[in-house]
Every structure is written in structure tokens, then in C-alpha cells.
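Can you read through this structure? Questions will come right after.
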Amino acid sequence: MSDAGDVDAVHHVGANGRKLQPGDPGYLHFDYYVDHPFGAAAFYVSLAFTLYLQVYLGLNVSDYYSSLYTGHIYFFVSDALIASSFVGVWHIMVLTLIIWRLGGVVSVRAWFRIRVQDVADAQYVAVTRKVEAIQATDFSESGIVKKMLSVVHASERLADKYLKLSLVVSAHRVLRSPHIGVPYFYYNCIRYVYSPIAATFHPYPYSIGTTVASYAALATATEAKGGLPADESAKRMDLVGRNEIDIPARSFWDLWTEEMGGWFYLYQGSCLWVWYWFAYWQMGVVLTIVILIASLIKTRVRYISHKRIRMLATMSTTVKVMRNGAWAIVDSGDLVPGDLVALVPGKVAVDLVLCQGQAVLDESSLTGESRPIRKFAVPDNDQATLSMVHHKRHLLLAGTSVMQTDEGAYGLVLKTNINTSRGQLIQKMLHPQPIKFVFDEQLKVVLMCMLAWGVVCFCLVFYEMGVNSISSWFYALFIISEVISPLLPAVLVAGQSVAADRLVKKHQVFCIDLPRITMSGKTQVFCFDKTGTLTKEGLDMWGFLPATARVPDVIENVAMEAPLQADVATFDPLVRIGLATSHSLTAHESQLLGNPVDVAMFEFTGCALEGDDVAAPTGETVARIVRRYEFVHSRQTMAVIVEDVKNADGSYEKIRDRCTPATVPAWYDLVARGYAKRGGYVLALATKTLPNATPRDAIAVLDREIVESDLTLVGLVVFRNTLKTDTKDAIEELQRGLCRTVMITGDNVFTGIYIARECGLSPSHGYEKPARCVYADMEDGQLVWRDVDSEDKLSADDVQVLFDRRNVEALDLAASGAAWAQLSATGLADKYLLAFRVWGRMAPEQKIDVVKRHMDAGLIVAMCGDGGNDCGALNAAHVGIALSEAEASIVAPFSSKTKSVQSCVSLVAEGRAALASSFAGFKFLVMYGMTMSSMALTMYYFSVVLPQNIWIMIDGVIVVSSIYALTQAKALPHLEPRRPTAQLLGPQTVISILTHTAINWTFLFCGIYMLFQQSWFLCNEFDASSIDAGKWWLLGDNYESTIIASIVVPQFTNNAAIYNYGHLFRRSWFSNYVYVVVYLGLMSTISVIILTGPNAFTCLFRVNCGTASVLESLGYPAPTWKMDAYNSILGHNLMPQWFRWQLWAYAASNVVLCLLVERFAILGSVNTWVRTKWPLKRKAIHV
């Protein structure tokens, strides 16, 4: 058991081994508090005051509408007091919410508690942790954008210095254990125990052993003394906690309120109060519904994910454990490290080391391994440190299921609760590291620019309408809310949710993290596992090559000429016995359980397994297994003793070293390596005859070194792992879409290279010859480079020359796990990173390393695997997709039920479409703000406002329906050789927005000028100070409002149309049928409003209409519909019919011009010019 005083150092150690310092990401800082009655009362008074402000504003708004519609005021004295008090309380409310948001509820609650220095007296622990997101950017920003981002980042650092915005604070009640009274609390499901030595809290590192042999000895000693005594079990329970993963239940309401606590929701709520007050409740309701729907969609995704993880974490069963000298049935939650647990069929509730007997486990739910795995008791003489990787054959992990076990088999509990392998997996799901996408980073700059423009408009409104008018404040704030649309987050969520829905319905790809969908559209490097991902699950027997075979003496292609024997009936009897017995299989309900290689080899023989007897297809027994020596990773061999014969098999390299040299043919290495290069999984079979007089009891203790020495080589056993039928097409499509494809596998590097070539992972596009492949491996402790095809040895300088010439001659590098470790130590790993195509014999942590190195190089990285030993890499990548339904696959943001690599193509295609749609919606809202600001400033100058229903049509119908329709654009069925931009401030985006803004403003101002040239036109009042601007709905019955509406309403509608072009990532404009219907419907409605009237429909919008008596005096029939009298001198705003057609054609020319400019200039010649003028400064990537 480790010393508790050493834990603080362990707890604050980073991934690179450096001790974390205060301020480092991941460092935990503890503050200790006790409650005080006055503090608690003050806290709840503060909450009540915040709620009171909302109630106050609600009463104010209700009085406003009561005065407006009925003339009665219930709570306030006058209209002036209603307005002024609203403005004052609104500012207090905003300031209060900002304080709550900056501090957080937990931090603010701590302000009302008393901090204590004596840790033992603390009632609460406030845990402060600095969180930093992973940067996901392609480093291609222009100089101006980088400068603007640097200003934003400098502002963030300054704000963080004083406001601590990057710190996350959570409060936890201190509890006391029932037996030894030690104080503890839970943070992120980890039990932190108070240590008097360290004078702080820390996770208790309960270790019961180190070496394999020590665990075997401890199990024997624990069994001898009858298991753990009750008092020792209780003590350990106090220190490590119950064997439960207690994830606090979070209701939908809890998650939703947390979602609504974001900065932009604060802005949206503040704007909505103004809209509700300023006689614009209709749009307040519409926006409230849209914002709520967007927030509910995001919350629903989080809630489903949270419920799923809680369901996975909940596991309760009964177990048979030795306590106080007898076996007892207890709840699995009562297990502690050091308990002896009897193995019975059912779920495994803890991490165990098997100490007696054997067991067959189903690990599919945890690792994705489809075949049951056989486990063996730990040897009592192995002095190696127990490894969760290298000693898997002895370990039973929590979450797996025991299918079959020997009588009397038991295991020793290693880890419980969150410390188990399953617990660590669940913790990764609960607390993934956030990622900052370039889209999100540049959005800060865009919002800063839009805010600056909004402030300018704010000041201009006061200038135009007078600073003494309270109405000017409402107009000014209203224009800011229009420039920075409250719907902006809804646009981003809408595109992502539509893509997520399509991925599920069309491709069976499930997403638990919506923002990763748009990130997948920027994928630059796609990493693949091999077995079960690119290739089919399991292996097929290719054939056998006897050591006595005569192989032509051909140096380069000898392996191609060496014939494999595939008819087992022609094999030598010794070979048949060897293939039928050299395994660790067991039979369970007519199914062979064990390693897939063993299964394939045994099934090839056609024999049947009956206990330790192997029966031929005819039924007679051909061999009886006396003893097995299980496969050991460090030896890469396994052995079996059968009656009359002793066989050994293993990797061809290790078996060669254990054979008598005279029995190894000269062609051995070349042929074995040749089959590996052709995708073969190569093993060697050797034999040894023991003396006939060797007794059974001597065999039981026979040393393995004696058994596996001086062997006689029998031959090579070759298996084949075939590609999935759709792998090649999927890889080709990804490369067509400019995704670099690489392989990170635990298999032999030569097999990986062969599969890479077979599936086209290593393309030769743009080169005259196929890529030359050079691999790195360790030979006699030295890093050696060799040509894969010729086996020629290359010097480091030769490799550097090839690397420098890779733009002229295609080059693919490959490395084994050992070589990669050496390359990483010497710094060459990063230098040659983007020339590597295949990594073989990679451990799980090395897979993570490769992924992170690509990410550190500024690339958007995707990882695809089966969710087993690559779950760490799936979790580390920007985009991880697991081709599995196992529990482990949930660490990946995406999982595919089809288990096809085509899922990766679908994900990238939908991600590109979602990113393009989000961009379209974003640009539409920016154009909306620019058009709205020009329109508003023009209106306020003339002291006019659009009719109320026109406002509602713009904000409630055009904006909402266009945003929804834009997201319905479908992805292209193939990938184009370009990625969509994620830069909100990219040259093309900025040019497009500025160009269309200039066109729209020009048409608006020229249209007003055209109106002023008409003889029938009567100008409206210019002096804003002489009217009641608070009653804005009375300022729309005039020609200025009509002409502005007739021009800008088509502009608002068309602003979405120009960004509906599919271009390279979405289908064509007309393929978005939803948008076509919406667009034609809106344009038809606008045309009717402009061209017709007076009638019930146009009068509803107060366009081409007038007071009933005025219309009759002008010769029109008496209106049959109800309408309010016009608030103007003329009493109408009817335009001559010829002018209506002229105005309609004028607005239509504005629409057509913008559509043509976007399609043929912005997306055509301007796009080409921009890409030439400002080429993207990205790291060169050879697909």
C-alpha cells in the first residue's frame, strides 16, 4: 500500500511527467469554507433580488401594454415613469447577471461563506481548475486577422488576469467516513481523502502489489488467512470508497439552466426585454421560441449523452467473496482492493487479476473484441511489473462478462469504482477536453467588429433623434440587437443538428458532440486502425510452407515464387498435429473460444476439440494435450506439450532464434518477410521430442526455457487479413477530398504497408512512379532505415535526401513502435511526420502520440478505429469515429453501426455541408445586420419606421424561415478536392459581404432619390423632436416607409438566396427544395404587396392602402375589412400603378444583380483572384 503522503506529487503530475504548478491546466487548487447563517441568508437574498429584477421588468412591461391598449396604469404613476424605470432597472439587471456570470453560482456562493485555514474543520471544498481547450486551427489566417486575433487574445488574457475567466470552480461538501472518520469529498467521481501528512485532500492510491509474482503470493496468503478481516475491509472502504461510479443525476432542467447561463444567452435575454417593452412583443415571442428551441436541442444532446453514461456507470450485482475465513455473497459495491472473489458466469464488477484456474471472457462490450477471450492464472515466478497491456491474459476488467470458468477459480481485486479500466473510460466520457475551432476563434473578432459598428449606429441614432428623448435609447439599443442578431447561435446549432439527424437516418452514424460535425468538414489527416477497420474482422488461413520445401534461389522475389500448401490432407502428420494443438482454445456450446489466430488455424485442420483431446474429422483422437505454455508478449511464443510430441509456435523471428540453426533453411527470413509484405500474418511452427520416460509430474514443473530451446523448425504458418469490400473506394474518395490517409496499427509494419498499398492508402497522384516506401526499425539497439521492396539499407543522409525530394518523387515512410520511440527521442518524429504513412506494432499510448503530433502541427485530425485499444486515440483526435457499438466507442464523438469505412466519407461530406450551411447562415445574418442598420439609420433620419407587420414579416418570417431552409441543403454525394473555409474573416467572405452590402445600400439610397423625384410625393416630417417617437408604429403610414420596405424586404429575402449556392460542398441551388419553396413563396408575397392594392392583404402591411374614407374619395370601393385610420396628412400611401411596376422592376434588378455577382464573380473570377492574391499559408500536406 502506497504512502498517502506521496500522493499530492502524483496527483499534480502532467502528461509529460513535469510536476504541475499553480496556473497550469489541470492543476487543482483547494479552498476550504464553512457555512454561516448570515452568509447563507445574504446569498439567498441576492438570488431573490436577481429574481425580483426580472419580476419588476415583467410588471413594467405589463403596465406598458395596459397603458398602451386600455389607458390604465396599475403599478407606475405615468408613461414617463414606466419608460425611465425600465431603462434604469434594465441596466441594473444586466449588471447583476454579468456579475453572476463572471463569478459563477459556486464562486458567488463562496463569497457568503467563511474561509478557514484548518482543513480538518472545513464543511466545503471549493475546487478550482484551469481549463484550456485544444486549438483546432489550420494556421492560415491572414496578417490582419492574426493581428485582430492577437488583440482579442490579449484582451482575454487581461480579463483572465483579473476576472479568472479560464478557471472552473466547483464546491463539494466534506463528508466523514463511518469507521475511521477520515474527511473526504468527491470531485469528478474521484474520492479525495484528507491526509494529515500532506495537510490536503488527494485521491488515495491504494496499491496492493507491484510484480506479477507479488500478486500471486498475496492471493495465496489472503486465501490462507481466510480473506480480508472485516475491520481491514472497512478501513479500505473508508479510504477508496464503495465500488460504485456515482455520477450525480442531472435533470434536463439542470442542464438547460446551465446552457442558458452562457454569455450569448445573457445578451439574447437582455435584447428580448427591450423588444417586449417596445411594442414588439410579436417578434419577442418568435425569437424567444427560436432561441428556446436551439437551446433545447443542445440540451437534449447533452441530456441523452449524460443518461447514457450514467446507465453505463450503473452496475450492481452480487459476488462471492472470501471474508473472515468463509465465502460469502455480498453486493459488488462492498468490494475493496485485496478481496478474493470467486469467479462465476456473469458480469465482472472490478478489475481482477486471475490467481487460480482459467476463465473465458466476453470483452466485446468494453473493447469491441467480437470473440471470447481465454484468461489464465498469473504465474508465481514472474518478476515483471504487472502491466494492464502486456499481462492482459491474466486480467479480468470491470464491465466484461465471464462465460466459462474452472471450478474453484478466483481472482484478486486490483481496482474498484472509478479507478477501474471501465471507470477511467467513463471519466473520459464525462469530462472531455474542450476544443477551440478556428470558426469559434474568429467569431470573437467578428462580434467585436459588429459591436463596434453597432456602437457607431447607437451614437448616430442619438444624433439623429436627440439625446434628450428616452425613446432614442430604445431605438439605439434596438439597432444594436439587429446588427448583432440574437439568432446567431441558433444558426450554428441548426446546421449541426440537421447534419446529425442525416448521419443517423442515412448512414447509421451517431453523434454525441454536435460542434465536432462542422470540425469534421475541415479534416486534413485521417488516421486508420487496420484490423477490423480497413480489413475484415478475424483472419483466414492462407497456407503452410514446410521447412523442407525447395524454394528457388531468387533474391528479390523468392517469396512470390514460394508455394503455400493449402490442402491439409497432404500435410505431414506432424504438421497436422502441430496446427491442431498449438493453441489456447476451449470449446463452449459448440463455439471455439480464444485468439482469432488460433481459431483460424484450428478450423483449418477440420479437427474437433473435446476437452484436452483433439479429434480428427473421422472422429478418432489424434492428440492429447498434456500442458500449455500460454503466449507471452515479451517472448512472442507459446508452447504446448502433447503425448509423444512437443510443439511451439510464435512469431517467425522468435521461433527462428530458438531453433537449431541446422533446421532453419537459408531462405527463411526472406520468405517470411516476403509474405508479411504481401499482407500475411506469419507464424512459425517448431517441434521438440521429449524423452519417453518423462513422467507427468515432471512435465507439470518443466521449465519453459528448456521446452522452448533446441527446437526443430517445421515450417511457416501464414494467415491472411482481407480488405473490406468498400475500403478501397472509401479511401480513394477521402483522398479525392484532400484528406491525407495514414495507418496506425498494432500489427506488423510490413503487413500494414501491404494493406496500405492494397487499399490505396498510399496514392501516387501527381507522380510518375508509385511512392517509394522506406521503413524504420530497431536492429541490435540501433535505428535502421531500409527500402521495403529491395531491403537495401539507407543512411540517415539518404533518408534526408529522399525527404527533401518528396515534391518530385513520392515518398512514404513507415516505422515500428520501437523505431517511433527512438525517432521521438531524437526529434526526427516531428520533422518527418508528414512523410509517414504507416506505423506498425504501435501500443495504445503511441497511437495517441501520433494523433497528437499531427494536431500539434496545426492539422485537423480524424481517427477511425474499432473502439478497442485505440479508444484513447479516438478520444484525443479532433474527430473520432468508432466502427463499433461497444461501450468503449462512446469515448469517440461519433460511432457507426455499419462498421464501414464509408462512414468516414459520409461524416466528412456531411461535415462539409454543415460547415458550409453554418457559414451561409452566418453570412446571411451579417448581411441582415448590415442591411438592417442602413435601413434603420435611413428611417430614423426621416423620422419614419416600417409598418409593424412589415417588421414582423422580416424578423419573424423571412429570417426564421430562411435560416431553417438554408440548413436543409444536402451534402454532395462525393468529396471535392477542396475543404470549405472555416474563416469568418477570410478574403472571399469579407469581399462577398462588403460587395453585397454596397450593392444593397446603393439601391436603397437611389430608390429614395427616385421617390423624391416624383410629383405626387409628399415628404414626411423631418424633425424627430416634434413627435412622440415612442409610438413607433404610428410612423409607418408614409411614402418613405413604403419605398424603403419595397426595396429592403426583397434584399432581406435575397440575402439568404445568394448564400444558398451549393458550390463545392452542398448540392445545387435548386436541389434545396425547401429553400426554393420558401424563396418563391416570400418573393411572390412581396410582389403582391408591391404591385397590388388597396386590398385586405396589402392593407394588413399598411402598403398601398389608406384610411377608408380617403380610399373612397380617391374612387376605390369602400373597404370591407377592418383597419385603423392612417396617421399621415394624406391619409394614404398609394403609389401610381406604373410606379409600382417600376419599383418592382427596380427591386428585382437588385435581386438579380446580387445573385449574378455571387455566382459568377464571388464564386468565380473573384474566387480565383483571391486564391492567387492571398494563397493559403498552410503546412504542405501530400495526400
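Cβ coordinates are placed from backbone N, Cα and C, and glycine is handled just like the others.
Nobody curates TrEMBL annotations by hand; they come from automatic prediction.
So TrEMBL says this about it:
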DOMAIN    315-428  domain 'P-type ATPase A'
TRANSMEM  41-61  transmembrane segment
TRANSMEM  73-100  transmembrane segment
TRANSMEM  274-297  transmembrane segment
TRANSMEM  445-463  transmembrane segment
TRANSMEM  475-495  transmembrane segment
TRANSMEM  925-944  transmembrane segment
TRANSMEM  950-969  transmembrane segment
TRANSMEM  990-1012  transmembrane segment
TRANSMEM  1042-1061  transmembrane segment
TRANSMEM  1073-1093  transmembrane segment
TRANSMEM  1143-1170  transmembrane segment
Would you call the transmembrane segment (950-969) and the transmembrane segment (274-297) in contact, using three or more Cβ pairs under 8 Å, pairs 6 or more apart in sequence?
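As far as Cβ distances go (cut-off 8 Å, pairs 6 or more apart), the transmembrane segment (950-969) and the transmembrane segment (274-297) touch.
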Does the transmembrane segment (925-944) reach the transmembrane segment (445-463), going by 3 or more CB pairs under 8 Å (6 or more apart in sequence)?
yes
State the residues, same chain only, that lie 6 or more residues beyond the ends of the transmembrane segment (1143-1170) and have a CB under 8 A from a CB inside it; answer 'none' if no residue qualifies.
987-988, 991-992, 995-996, 999-1000, 1003, 1007, 1010, 1043, 1046-1047, 1050-1051, 1053-1054, 1057-1059, 1061, 1063, 1083, 1086-1087, 1090-1091, 1135
Express the predicted model's confidence over the domain 'P-type ATPase A' (315-428) as a mean pLDDT, rounded to an integer.
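Taking every residue of the domain 'P-type ATPase A' (315-428) together, the mean pLDDT is 85.
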Is it true that the transmembrane segment (475-495) and the transmembrane segment (1073-1093) have 3 or more CB pairs under 8 Å, sequence gap of 6 or more?
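Between the transmembrane segment (1073-1093) and the transmembrane segment (475-495), which are separate recorded stretches, there is no contact, as judged by 3 or more close Cβ pairs.
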How about long-range neighbours of the transmembrane segment (1073-1093): same chain, 6 or more residues beyond its ends, C-beta under 8 Å?
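Beyond its ends, the transmembrane segment (1073-1093) has Cβ neighbours at 957-958, 961-962, 964-966, 968-969, 1046, 1049-1050, 1053, 1056-1057, 1060, 1099, 1101, 1103-1105, 1134, 1140-1141, 1143-1144, 1147, 1151.
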Looking only at the domain 'P-type ATPase A' (315-428), how are its residues distributed among DSSP helix, strand and coil?
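Taking the domain 'P-type ATPase A' (315-428) as a whole: 21 helix, 46 strand, 47 coil.
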Which residues of the chain, 6 or more past the ends of the transmembrane segment (1042-1061), have a CB below 8 A from one of its CBs?
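Residues 919-921, 923-924, 927-928, 931, 935, 938-939, 944, 946-947, 950, 953-954, 958-959, 962-963, 965-966, 969, 992, 996, 1000, 1003-1004, 1007-1008, 1010-1011, 1068-1069, 1072, 1075, 1079, 1082-1083, 1086, 1089-1090, 1101, 1103-1104, 1133, 1135, 1143-1144, 1146-1148, 1150-1151, 1154-1155, 1157-1159, 1163 contact the transmembrane segment (1042-1061) from elsewhere in the chain.
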Using a Cβ cut-off of under 8 Å, list the residues of the same chain at least 6 residues beyond the transmembrane segment (41-61) that approach it.
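Counting only partners 6 or more residues beyond its ends, the transmembrane segment (41-61) has Cβ contacts under 8 Å with 75-76, 82, 85-86, 89-90, 92-93, 96-97, 100, 108-109, 111-112, 273, 276-277.
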